[in-house]
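Participant: Just passing along the structure, written as structure tokens.
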Amino acid sequence: MLQTVGEWLWWERLWLPRNVSWSDLEDSEGRVYAKASHLCAALPCALCLLLVRYLFERYLAIPLANVWGIRDSVRRKAEPNAILENYFCSRGQVPSQVDVTSLCKKTSWPERRVQVWFRRRRNQERPGIRKRFCEASWRGVFYFFAFVGGVLALYDKPWFYNLKEVWAGFPKQSMLPSQYWYYLVEMGFYLSLIFRITFDVKRKDFKEQVVHHIATMTLLSFSWISNYIRIGTLVMAVHDFADIPLECAKMFNYAKWHLTANSLFVVFTIIYIVTRLVIFPFWLIHCTWVYPLEQFAPFFGYYFFNVMLLVLQILHLYWALLISQMVYKRLNKLLLYFLCY
């Protein structure tokens, strides 16, 4: 049975165009091709990045937070109560009015006191500003170096300037060392985020972030095995660029440099619109939908890869709506600042 599943999983028609087999992608004559076994290196890379992140946050981010005077606010702790604690941990952090009435009877506390207890208990669970600052600084540093590395890996390649070159000779395209390391580091980073997902700060778009990380790992893995590496590197570079000013804006916001944070957020919004709402759908997705058909007939991998890109684009549109609401507030603050200056 396992052999049958394995044969179906690696069926060439799932991964490769018609008239192309895995034997055509065997290393020969100095040409090296991407292989599924290479993906195993993402795990040790992720573990190394987790170690680097720990050292970065401990010896760079925390001292920087101290220099900038970033302190966690003092929060009043909820007084010990086994009944309310049991409800909080097992049933939810925000009780309904009916449950509040029931808890009042069980604890012999007035309703106001129960509500205050839950508010203080929820505040205890919220991560402090210093933790948020450390996370933002780590991501900002990673995205900066990842983007610079991506540009260095792409700037002298013909497909960086002419997207039709992405499919020249596909799928028999030899893997370059720069592509290997770029993919490895990016996959290791997103895998490390998945490992840390229960420990990192949970934001309002937590579920969307989980979908994004899973879709990204799926895209990277599939594009690697199917040798969609050229378009994969372009997609990664486009995504990394916008995240740099976003994480920097968060850092300055936590440091209460609000004018700088608001200005960086406006810069992020402009870059986000250009890269993820213009370049990504109208250049890169167009490149993966239209140009391949000039080289080969559609196959499962063609449809799967494009569907996953559309999943990312749907997330981009969702986040664009949230960003537009936030940038409206920040533009009003910037305008008010300059009018009062």
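Keep in mind that glycine also has a Cβ here, set from the backbone N, Cα and C atoms.
Taken from TrEMBL, the feature transmembrane segment applies to 36-56, 136-155, 180-199, 259-283, 303-323. If you look up TrEMBL, you'll see 84-128 marked as domain 'Homeobox'. Annotated DNA-binding region per TrEMBL: 86-129, in sequence order. Residues or ranges marked as domain 'TLC' in TrEMBL: 131-332.
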Participant: Could you break down the residues of the DNA-binding region (86-129) into DSSP helix, strand and coil, giving a count for each?
Facilitator: 32 helix, 0 strand, 12 coil
Participant: For the transmembrane segment (36-56), give me same-chain residues lying six or more residues beyond its boundaries with a C-beta closer than 8 angstroms to one of its C-beta atoms, as numbers and ranges.
Facilitator: 137-138, 141-142, 180, 184-185, 187-189, 191-192, 195-196, 221, 224-225
Participant: Restricting to the same chain and to residues at least six past its boundaries, which positions have a Cβ under 8 Å from a Cβ of the transmembrane segment (259-283)?
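Facilitator: Apart from its flanks, the transmembrane segment (259-283) reaches 163, 235, 238-239, 241-242, 245-246, 248-250, 252-253, 312-313, 316-317, 319-320, 323-324, 326-327, 330-331, 333-334, 337.
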Participant: Mind looking up the mean pLDDT for the domain 'Homeobox' (84-128) in the predicted model?
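Facilitator: Averaged over the domain 'Homeobox' (84-128), the predicted model reaches a pLDDT of 84.
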Participant: Using a Cβ cut-off under 8 Å, which residues of the same chain at least 6 positions beyond either end of the transmembrane segment (180-199) come close to it?
Facilitator: 34, 38-39, 41-50, 53, 142, 146, 149-150, 153, 209-210, 213-214, 216-217, 220-221, 224, 229, 232-233, 236
